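Participant: Below are the structure tokens for one structure; questions will follow.
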Amino acid sequence: MNDNLDLFSGAAPAAPESGAAPDKVLAKVQALRAQLNQWAHEYYVLDTPTVPDGEYDRVFQQLQALEGAYPELVTPDSPTQRVIGAVLDGLMPVRHAVPMLSIRTETDNEATGAEAFDARIRKELELAEGAPPVEYVAEPKFDGLAMNLRYENGRLVQATTRGDGEVGEDVTHNIRTIRKIPLSLPEGKGVPPVVEVRGEVYMGRADFVKLNERQQAAGGKSFANPRNAAAGSVRQLDSGIAAQRPLSFFAYGLGEITPAAQGGPDFVTHYAMLQTLRDWGFPVAPQVCIAKGAAELVAFHQRMGAERATLPYEIDGVVYKVNSLAQQRQLGFVSREPRWAVAHKYPAEEMPTRMEGIDIQVGRTGKLTPVARLAPVAVGGVIVTNATLHNLFEIRKKRVRTGDTVVVRRAGDVIPEVVGRVPGDRPAYVPNFRMPAACPICGSAVARPKGEANHRCTGGLFCPAQRKEAILHFAARRAMDIEGLGDKLVDQLVDGHVVRTLPDLYRLGLVALASLDRMAEKSAQNVLDALEKSKKTTLSRFLFGLGIRQVGESTAKDLARHFGQLDAIMDASVEQLLQVRDVGPIVAESIHTFFAQPHNREVVEQLRACGVHWEEGAAREQTAQPLAGMTVVLTGTLPTLGRDQAKEMLEAAGAKVSGSVSKKTSYVVAGAEAGSKLAKAEELGVTVLDEAGMLALLAGGDR
């Protein structure tokens, strides 16, 4: 290190005098930060360290000491602030300034799929047969977590997950801990006042293995794959935990950015934008390259497929993007997906291994699922020891028995499944597998309902396996939304016989909760507060939370709108239930059977007695349905209403909310960044409304 950076050598700084820090100290702090940022960039991004770790640590400690002596000099982008030890109560939702749209994934996963994409692009651009090849940027498709990094005046101010594309979660406290992500951008390199950099947070293969080794040594839970490890780390409330996880980042695009007319960069190509991101200190995948025409895209697909298993991080495919930004604008979007880009996934990876046995898992609805217990095998960089066999009929169809050598596939590169048996000798005297007659968890009888392939435990909420899953489902965000009631807490509550039924949740006390492992008084009070808050809900959320088989979120809303009151639903006949939109015989029978059980009715009444309530409404037949029979499409970002909120309002008025525009569409409600749906509506002559127009329509205004 240069001598002029040594403000003091090993000794603590002198006690500061009152008032602002001296100019000499400020200059030295800025110099130390610049040097540390440069070394960190060389080490974490360029992989070419120029100083020993000890030298970096020594300068880092000098900066820490100076900031400790002069706390007014501490800034959020200082290298010392990557880990601030903050523990949040929850992740805050953030609406994206520019929606994080997804790229269409082709079902054709062969390299030749690139030829079809290129042909489609040339047709859309109306290029003649002899015209020069289209220039693309070819990129690996990372298997991680999409992230939006917002910088204002060169400083990282917010990091947000993709979420549903419109609204994500603020995870800035954790993203600051990732060394490959710069906290500040360099001066003098054309960084605009506002820029959002988008990319993928991931965990390398070797880092993933080491993390699981540490987890196992500490008695913790291992992660199934690097993507789950990365996603779980990013969504931690405690940044100290995230800081211990070896996360990395690759940049691949932009969100909101200061326009060129206001001093922002004027990019001509996607590749030039990526090169600029490199110059600003962001890591960009080294495999990214320009490909001219279909032949070079095919070659890239084949090259990445051959290198895939040896890469230090997981990829599950490749992405092709038209390089010219002018051509991107010309191509536009369709169904909120860019026409100018496509993803091609590689086929699922398969490996042989020995099936050592078949275990039974009992799910939330009582379904018994046979699971193959396997000799450990690496499939796509993940050690697989279990794989689903789905049901008895699948086992018979695949003709697998204990002791067989079977082929295991990671379907979608995530879920392991047994594909089939490898022909050859099998051990003698191995009988065919039979489903148990009694539930392995509670001992209740097992039955297979008529017309179904699945066997089920008849124990209901009395079965601990169903009890845990039923409680977790009841507490889920889209059901009763009981924050803090997660897997580990539910395990303790059920295993400790503290909670046996759903109403028991609302009878919990502070002393009982606080006495559980890893549950301090403050955490216990937070759970109690969340339970109290959840008592005021909606009929559709309550119905969904009960976990009735075949009743998802949409069906629960339809039931609530049709009947208006819970008692009417509970007393409805199968014939009456069949009058509800999208409810068929199987769903109607499931609902009727659920409420015919005395113990289920008792649970409902006890929940009401505990204070769970909602606003009862009139039945649909008695309620005005101004938009009955109409189809409405939502597109873009509305000024004050979220997409889910607008959808609920429209559906409550009898409209069907569709995801695509056609001649049968009655209205298109358009907000900012409306895209191709708006263009399609104008082309077909469909009436377009803004948010105010939609509200007027709902209020009974002119159609």
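Every residue gets a Cβ built from N, Cα and C, even glycine.
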Participant: For the Zn(2+) site that Swiss-Prot describes with Cys439, Cys442, Cys463, which of these is also annotated: Cys457, Cys610?
Facilitator: Cys457
Participant: Checking feature assignment: region 'Disordered' per Swiss-Prot, candidates 1-20, 541-560, 661-680. Which range matches?
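Facilitator: Residues 1-20 are the ones Swiss-Prot records as region 'Disordered'.
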Participant: Run through the Cβ atoms and count how many others sit within 10 Å of the one on Cys442 (Zn(2+) binding site).
Facilitator: 18
Participant: Return the residues near Cys463 (Zn(2+) binding site), defined as same-chain residues 6+ apart in sequence whose C-beta is under 8 angstroms from its C-beta, sorted by sequence, else 'none'.
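Facilitator: For Cys463 (Zn(2+) binding site), the qualifying residues are Val362, Gly366, Cys439, Ile441, Cys442, Ser444, Cys457.
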Participant: How many Å separate the Cα atoms of Glu55 (NAD(+) binding site) and Lys141 (active site, N6-AMP-lysine intermediate)?
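Facilitator: That separation, Cα to Cα, works out to 37 Å.
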Participant: Other residues near the Zn(2+) site, CB within 8 A of the CB centroid of Cys439, Cys442, Cys457, Cys463?
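Facilitator: Sorted by sequence, the hits are Val362, Gly366, Pro440, Ile441, Gly443, Ser444, Val446, Thr458, Gly459, Phe462, Pro464, Ala465, Gln466.
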Participant: Summarise the domain 'BRCT' (622-703) as counts of helix, strand and coil residues per DSSP.
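Facilitator: Going by DSSP assignments, the domain 'BRCT' (622-703) contains 28 helix, 17 strand, 37 coil.
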